[in-house]
Amino acid sequence: MEVFKALFKSKEAYTVDVDPMKDSDEHDLPRDPLSIRVTGEEEVNHIPYPYFDEIPTEEEMKKKSAEFYKSMKKRRTVRKISSEPVPLEVIENIVRVAGTSPSGAHTEPWTYVVIRDPDLKKQIKEVVEEEEQLNYARRMGEKWVQDLSILKTTWSKPYIETAPYLILIFKQVYGIKPDGDKKVHYYNEISVCISCGLLLAAIQNAGLVTVTSTPMNAGPRLRVLLNRPQNEKLIMLLPVGYPAKDAEVPNLTRKPLEEIMVLK
């Protein structure tokens, strides 16, 4: 605790921003060190690692890792998504996988908002496209727009309505304790990004497709539309479904192993 007293010398009380269109950030956390909950190992019951009997042999490990890579290298960004229904159980299992992700101090600072209501999807599309038109016209710059045009990316996002499900991933900038006080969420953005990676792998494993969308400047409006609290900030929007019959993807290649891995 002495370390935290040194780091947080200010005793001034925190205030809650009353503007619903402004996302919270770490500056909204309490500055009093005594209000920060520190979780020590002595507070968590530890048990022996329970999965020793499931560790594969080296040959099995090689096979499993190769098969997983074979599946994942087929993952592509797909912008034409079919409206064909997907069982809700599949989506729930995909989100469960994302929820197994590690997080700073086990705070699990993520919220996955799953949308299947057509009217709500339409409203989300209207918000995103309105902001995207401004992004492409003014905010992004000519070079950025040119780089995206090579991939046939525009402000139009029809997949938001056609996909049977949308998954909006929010990071919890801080937590709320039962008594209403704020709780630090360490490395919240890194934690949520790791979770998003597992989510994408789970989508691919289920045989579905998506496109990673980060709706620039639309986050606060979508948070308010979805009635999410101010301590949450939109990180990513994923339409999820089957590829449409006329779906196309850029004919791209990925960097070889020798360009992405360094062995010392």
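Each Cβ is built from the backbone N, Cα and C atoms, and glycine gets one as well.
Taken straight from Swiss-Prot:
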type    : residues                                                                          : note
BINDING : Arg75, Arg76, Thr77, Val78, Arg79, Ser103, Gly104, Thr212, Ser213, Thr214, Arg254 : FMN binding site
BINDING : Ala105, Glu132, Tyr136, Lys157                                                    : 3-iodo-L-tyrosine binding site
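The binding-site residues shown are Ala105, Glu132, Lys157; of these, the one with its CA atom nearest the CA of Arg75 (FMN binding site) is Lys157. Taking Cβ-Cβ distances under 8 Å and a sequence gap of 6 or more within the same chain, the neighbours of Lys157 (3-iodo-L-tyrosine binding site) are Lys125, Val128, Glu129, Glu132, Ser213.
Within 10 Å of the C-beta of Ala105 (3-iodo-L-tyrosine binding site) there are 15 other C-beta atoms, taking all protein chains into account.
Of the listed binding-site residues, namely Arg75, Arg79, Arg254, the sparsest CB environment within 10 A is found at Arg254.
Classification of Gly104 (FMN binding site) by DSSP places it within a helix. A Cα-Cα distance of 32 Å separates Thr77 (FMN binding site) from Ala105 (3-iodo-L-tyrosine binding site). With Arg75, Arg76, Thr77, Val78, Arg79, Ser103, Gly104, Thr212, Ser213, Thr214, Arg254 listed as the residues that bind FMN, the site has a largest C-alpha separation of 33 Å. For the binding-site residues listed here (Thr77, Ser213), the lowest count of other CB atoms within 10 A around the CB belongs to Thr77. The Cβ neighbour count for Glu132 (3-iodo-L-tyrosine binding site), using a 10 Å radius over every protein chain in view, is 22. Cβ neighbour count for Gly104 (FMN binding site) (all protein chains, 10 Å cutoff from its Cβ): 15.
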